[in-house]
Amino acid sequence: MNINKIALIYNKDYKSLAIIEEIKKLYNYCEVEEAEVIIVIGGDGALLHNIHCYMHLNIPFYGVNLGSLGFLMNTLDTKNLLQNIHDSTVTILNPLLMQAKDTSGQIYTALAINEVSIFRKTNQAAKFRIDVNGIERMSELVADGALVATPAGSSAYNLSAGGPILPLESNMLCLTPICAFRPRRWHGALLLSSATIKFEIFNTTKRPVNATADFQEFNNIIQVTVSSTKDKPIKLLFNKNHTLEDRIIKEQFGG
């Protein structure tokens, strides 16, 4: 990948500003709309936020890690930055499309790169039904909530909730309960990425539920539908010696 125009996105903290000044001395940069690659300096959260902001431009993203985990990021190497981007591996992510309806009947639509989740709003456990492709698969789940995760997001909230890690090329989705109470032994399901999952929330007055698509939250939800979309592919760039697939495999062995 031959790159001449880069855009720089960063937090205005002391550490980021020092690195940005070094990068600006070495390379020319431009506005996001004119760039061939968007470089995000920070952590996974900053990268996800900016993907949501600029994914409509269909420009590849290259993350430089200044956060704590940096699962979706690359290590900092300012002197070889453009060469690393030139040699990088492209990973295509297909986000989830969430449609949520609240108690007033208003419908919200949002995209998620990691996961869509529903969760209880009070101390009362949530109660809901799960349909897959229009077929009822669980008549009632009592839990703190549930989530649907992409392969890229399977090592995040999904893993903490007890779900499996998925290889990027698996064309699967994780459906994982969050602290299931009944049925207690249900640990979730693996579904084809073509599946449509619907959550129908019960008794929302006594047991209110919120929904999230990554960091976007919606209150007092009565129904959520989740499906994968290939209409909005996201290109992430990773250093050739440390691809996202490598990271997912390493994570499964405690790395």
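The backbone N, Cα and C atoms fix where each Cβ goes, glycine too.
As written in Swiss-Prot, here are the features:
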- Asp44: active site, proton acceptor (ACT_SITE)
- Asp44, Gly45, His49, Asn114, Glu115, Asp144, Ala152, Ser155, Ala156, Tyr157, Asn158, Leu159, Ser160, Gln216: NAD(+) binding site (BINDING)
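Annotated features, which come from Swiss-Prot, shown on the structure.
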residue: Asp44; record: active site, proton acceptor; Cβ neighbours (10 Å): 19
residue: His49; record: NAD(+) binding site; Cβ neighbours (10 Å): 15
residue: Glu115; record: NAD(+) binding site; Cβ neighbours (10 Å): 26
residue: Ala152; record: NAD(+) binding site; Cβ neighbours (10 Å): 23
residue: Ala156; record: NAD(+) binding site; Cβ neighbours (10 Å): 23
residue: Asn158; record: NAD(+) binding site; Cβ neighbours (10 Å): 27
residue: Ser160; record: NAD(+) binding site; Cβ neighbours (10 Å): 10
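On a Cα basis, Asp44 (active site, proton acceptor) lies 14 Å away from Glu115 (NAD(+) binding site).
Per Cα geometry, Ala152 is the residue among the binding-site residues Ala152, Asn158, Ser160 nearest to the residue listed as 'active site, proton acceptor'.
Under the three-state DSSP scheme, Ala156 (NAD(+) binding site) falls in the coil class.
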